[in-house]
Amino acid sequence: IMPTSEFVSTSAEDPTRKIRGTRNPSPVNIDEVNHTVARVSCSLTANSEEKDCDQEHSPLIYDNSYHSKNGSTVRTIWALINSVAWLVVLGAGVLVCALLIPFIGLTKAQRLTWRIACIYFRICLWASSVSYTVVGLENLDPNGNYFFACNHQSDYDIPLIFAVVPFWLISIAKSSIALIPIFGWAVALGGTIFIQRSNHKKAVSSLDDGCKALRKRPRSVLLFPEGTRSEDGEVKQFKKGGLLLAIQSGLAVVPVAICGPRRVMGRALGWRPMAAAHCTVVLGRPVATAGLSYDDRDAFCAALQAEVARLKAEFEAGGGPAAGG
C-alpha cells in the first residue's frame, strides 16, 4: 500500500513521475451520487451541443482510422511472446506459493500470488506499449478495503486495474476461468470468488461463501458489473450479483472508469495488430453500503452505473480529472 499522501501517475513521457496530493477517503451515499450524475449529465449535454469530439486525435475514443495507421504486427507478436513466456515463468512462482501454504499459511500465499499477478500484468502492458495514468487515488484510504466496480470494454481492463490499484485485490469471475491451465490455477490460488452463472442456486451459494471469506481475510474486490465486454464502449446495464456481495460485506464501492484500452486491440473479432496507446483509470469517490439491504440493490446498481458512465463521459469530454464529482 502506498503512503497516505502519495499516489503515482505513470506515462510514456515520464514513467517515474510522482504526483502528491491530499487523500479524502470519506465515502458518499447514493443520494449524493445521483445528484452529481444529474448535474454533470446536464453539463455534458450542453457541451456536446457546442463542441464535436474529434475522434481521430483523441487518445481515448476508438476509431478504425487510428488502428489502421498505428497497429503493428511486430508489436502484437512481441506482446504475445511475452505474455506466454512470463505466464510460464511467473506461473512457476505461483506453484511455489501453493507448495508453501503449509509453512506460511493461506493468507500470505494469496498475497504473494496477488503481487506476482501485478508484476505479470505490468509486463503485459509494457510489452504491448500501453502506458497508463491513474486519477483519483486521493479519494481512497490506503488502509481500507473496497469493491472496485469498473466498466468493461477490452482484454486490457484487468491488467490496467491490477497495475494501478495499490490494494490487495481479488476478483469475481465465472467458474470456467478456473479450468484454464496455469492462468486459471493462479487465479484460483489468488482467492478469486468464482460464480457459476448458469445455476442460480450455486451462484447464490458462491456469493455467501465469498462474503464469509472476505470477513475472515479482508481484501479488496475487482468486479465488472456489466458481465461482459461492451461492443461499442458505452457503459451497459449493471448486473446485481457482485454488488449484492458488496452490500452483504458492508464494504464501500468505488466506481471506476477505464478510458482508452479499446485503442490497443480495437473492437473487431479475430486477428488485429495491436496499437500503442495511453489509458487512464479514473477512480471515483467510494459509495457507502452501510445501511443498505437486499431491497436497495436495484437503486444501488443504477446509481453506480450512472456514476461510472458519468466519470467516463466527463473525462473523455476533456473536462480533466473527474474523480472529485
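Here the Cβ of each residue, glycine as well, is placed from N, Cα and C on the backbone.
Unlike curated records, TrEMBL annotations are generated automatically.
Summarising the annotation, TrEMBL assigns compositional bias 'Polar residues' to 1-13.
Under the heading region 'Disordered', TrEMBL lists 1-25.
Sequence annotations record features per position, and here TrEMBL assigns transmembrane segment to 84-107 (among others).
Annotation comment: TrEMBL describes 119-137 (among others) as transmembrane segment.
Helix, strand and coil residue tallies for the domain 'Phospholipid/glycerol acyltransferase' (146-261), in that order: 46 helix, 24 strand, 46 coil [DSSP]. According to TrEMBL, the feature domain 'Phospholipid/glycerol acyltransferase' maps to 146-261.
Marked as transmembrane segment by TrEMBL: 167-195 (among others). For the transmembrane segment (167-195), the residues of the chain that approach it from at least six positions outside its boundaries are 1, 87-88, 90-91, 94-95, 97-98, 109-111, 113-114, 116-117, 140, 145-146, 148, 158, 161, 203, 206-207, 209-210, 213, 217, 219-223, 241-242, 245, judged by C-beta separation under 8 angstroms.
Residues 113, 116, 119-120, 123-124, 182-183, 185-186, 189, 217 of the same chain sit 6 or more residues outside the transmembrane segment (84-107) yet have a Cβ under 8 Å from a Cβ within it.
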